[in-house]
Amino acid sequence: MSSNSYQVSIPMSKRNTNGLPGSSSNELKTSAGGAVLSFHDICYRVKVKSGFLFCRKTVEKEILTNINGIMKPGLNAILGPTGGGKSSLLDVLAARKDPHGLSGDVLINGAPRPANFKCNSGYVVQDDVVMGTLTVRENLQFSAALRLPTTMTNHEKNERINMVIQELGLDKVADSKVGTQFIRGVSGGERKRTSIAMELITDPSILFLDEPTTGLDSSTANAVLLLLKRMSKQGRTIIFSIHQPRYSIFKLFDSLTLLASGRLMFHGPAREALGYFASIGYNCEPYNNPADFFLDVINGDSSAVVLSRADRDEGAQEPEEPPEKDTPLIDKLAAFYTNSSFFKDTKVELDQFSGGRKKKKSSVYKEVTYTTSFCHQLRWISRRSFKNLLGNPQASVAQIIVTIILGLVIGAIFYDLKNDPSGIQNRAGVLFFLTTNQCFSSVSAVELLVVEKKLFIHEYISGYYRVSSYFFGKLLSDLLPMRMLPSIIFTCITYFLLGLKPAVGSFFIMMFTLMMVAYSASSMALAIAAGQSVVSVATLLMTISFVFMMIFSGLLVNLKTVVPWLSWLQYFSIPRYGFSALQYNEFLGQNFCPGLNVTTNNTCSFAICTGAEYLENQGISLSAWGLWQNHVALACMMVIFLTIAYLKLLLLKKYS
């Protein structure tokens, strides 16, 4: 595979005199002339399941049918009604559609798309996926650090960032936070421009946008399209889907592709679309928006655009082999286009590129080569996650405050535990609460992967980082500190207020045990949450799991009395291991019958007077292994759950 054949973006490996990335002469020829994207006989089918559980049927649904066309440098709009297939076509062209059920060819300058096409091209999703707790500049720095080659110096990368900020008119808000639901940030238009800027960091020659005007008012939407028009004049091929643009936006289009029910209604110069529809008998009324007119024609819901048969015979040019009268409207329009001069001209031009279809193809969907190393990605992901943590006081500061308050409340309720029979119950109760509190506090870890799912999928597909870099980066910067710090605070507050065993070793064993419980529970939360799209579903599954685990923790029921066919469930209980370790740490060596000789006084034969007796009654071994086996079990569960979470992320469906 030669680099010249597959060049679709300005390369970053060389530098010119101004410090910005440069190119060789042959590569510049491709970049300067712009990238021409052609698509040949694109068909896309999906299998849809319907019916009830035992009567489910799988039906194959055709999303796109024999789509052909060419996208040249300029503004290339894909227009159509809801469900017409415009977003599907955009994803197919951008190599972001599930390859199963997909047929046809997409060529760049007559050559197959390279394996790293998704990294070389830019793709702006419909829902802006940027880190809201970071500033505009910090988001761009993250994109530059992971997508630009390491051969570029930090000074060159900063120059590139400043150039993009200036090009998109983000100078005034460059150091303002993008904003979240809790943090006031930039406007909707500035947020959309930030998303575009993230993709322009690599200076791609092809830029895809999925409905860039969604959620914007008419004035802001017009400003965004004017920006795209200005960018297209620099030689970029900009391809975007759009639903119903106003006329001031429509007149900016260079090329127009009309889709309905996955069929091609028109593909050609936007300025000639009205003339084409007039030639087949559909005239646009004066002062009517052409985009609205096209949708009215496709949907067949406007009698104003349909001429009478007499008028059509007099004024309209009949295409070759017109469809029958009883043919559905979509089929009629598709047949009209197939027999039009626009389609024939497109086929002639497509034949000039079809030579690349005969070449040996390289899969677009195989693993790409990243421009940065694992450690470099890990460092930047950890840095961004830590900034995001500090920028979310509701998730970080609030959790610490709640931990302090809860520790003080528990310390007040169980203050200064006595070494008497009541002390046994109180100790068991408070240790059980500490264990279960660590479990339920870890439910918040489900948001770690669910909230950022769309961001992760977009950045991973775009070649920002590896799955392993993202996973371990989140663990280092978010999971570890947010589970370790509360455990330390909780232990320091409650241990001395409760008056637990006055031994330094016991203090640190309790702290370590609470940390292990928190890590194991959080790992379980990640294993459940990975791949989930809704936080409430993952939270519900976590809560139900912990409720069952609590039953087998050792407090609510004596585990020695559980029937054999259910007793095996205790080995899957995180609270059981934490509770057993805390009991061993606290009860061993304690005497709860002060003043009595437990070896000679028969009054204690039916009572528990020592911690050792209590532990034996609970089925806890008095050997040193009786303590550390719980930590080993928690560590094994943590490794297993983290492995499951990583595999679920790795196998997550990353195509739309």
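Cβ coordinates are placed from backbone N, Cα and C, and glycine is handled just like the others.
Per Swiss-Prot, these features apply:
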{"type": "TOPO_DOM", "residues": "1-394", "note": "topological domain 'Cytoplasmic'"}
{"type": "BINDING", "residues": "80-87, 184-190, GLU211, HIS243", "note": "ATP binding site"}
{"type": "DOMAIN", "residues": "390-652", "note": "domain 'ABC transmembrane type-2'"}
{"type": "TRANSMEM", "residues": "395-415", "note": "transmembrane segment"}
{"type": "TOPO_DOM", "residues": "416-429", "note": "topological domain 'Extracellular'"}
{"type": "TRANSMEM", "residues": "430-450", "note": "transmembrane segment"}
{"type": "TOPO_DOM", "residues": "451-478", "note": "topological domain 'Cytoplasmic'"}
{"type": "TRANSMEM", "residues": "479-498", "note": "transmembrane segment"}
{"type": "TOPO_DOM", "residues": "499-507", "note": "topological domain 'Extracellular'"}
{"type": "TRANSMEM", "residues": "508-530", "note": "transmembrane segment"}
{"type": "TOPO_DOM", "residues": "531-536", "note": "topological domain 'Cytoplasmic'"}
{"type": "TRANSMEM", "residues": "537-557", "note": "transmembrane segment"}
{"type": "TOPO_DOM", "residues": "558-631", "note": "topological domain 'Extracellular'"}
{"type": "DISULFID", "residues": "CYS593-CYS609", "note": "disulfide bond"}
{"type": "CARBOHYD", "residues": "ASN597", "note": "N-linked glycosylation site"}
{"type": "CARBOHYD", "residues": "ASN601", "note": "N-linked glycosylation site"}
{"type": "TRANSMEM", "residues": "632-652", "note": "transmembrane segment"}
{"type": "TOPO_DOM", "residues": "653-656", "note": "topological domain 'Cytoplasmic'"}
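Features as recorded by Swiss-Prot, highlighted on the structure.
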residue : record           : contacts (Cβ under 8 Å, 6+ apart)
GLY80   : ATP binding site : LYS86, SER241, LEU258, LEU259, ALA260, MET265, LEU295, ILE298
GLY83   : ATP binding site : SER261
GLY185  : ATP binding site : GLY132, SER176, LYS177, VAL178, GLY179, ARG191
GLY188  : ATP binding site : GLY215, LEU216, ASP217, THR220
GLU211  : ATP binding site : SER87, GLN126, PHE240, SER241, ILE242, HIS243
Could you check the disulfide-bonded residues CYS593, CYS609 and say which one's CB has the most other CB atoms within 10 Å?
CYS609
May I ask you to check whether the transmembrane segment (508-530) and the transmembrane segment (430-450) make contact, with contact taken as at least three Cβ pairs under 8 Å and only pairs 6 or more apart in sequence counted?
yes
Which listed stretch (395-415, 479-498, 632-652) has the most C-beta pairs under 8 A with the transmembrane segment (430-450)?
479-498
In terms of Cβ proximity under 8 Å, which residues at least six beyond the ends of the topological domain 'Cytoplasmic' (451-478) contact it?
96, 116, 118-119, 123, 125, 127, 129-131, 143, 146-147, 199, 368, 370-372, 374, 377-378, 380-383, 385-386, 388-389, 531-533, 535, 642, 645-646, 649-650, 652, 654
I'd like the per-state residue tally for the topological domain 'Cytoplasmic' (451-478) from DSSP, helix first, then strand, then coil.
21 helix, 0 strand, 7 coil
Across the topological domain 'Cytoplasmic' (531-536), average pLDDT on the 0 to 100 scale:
82
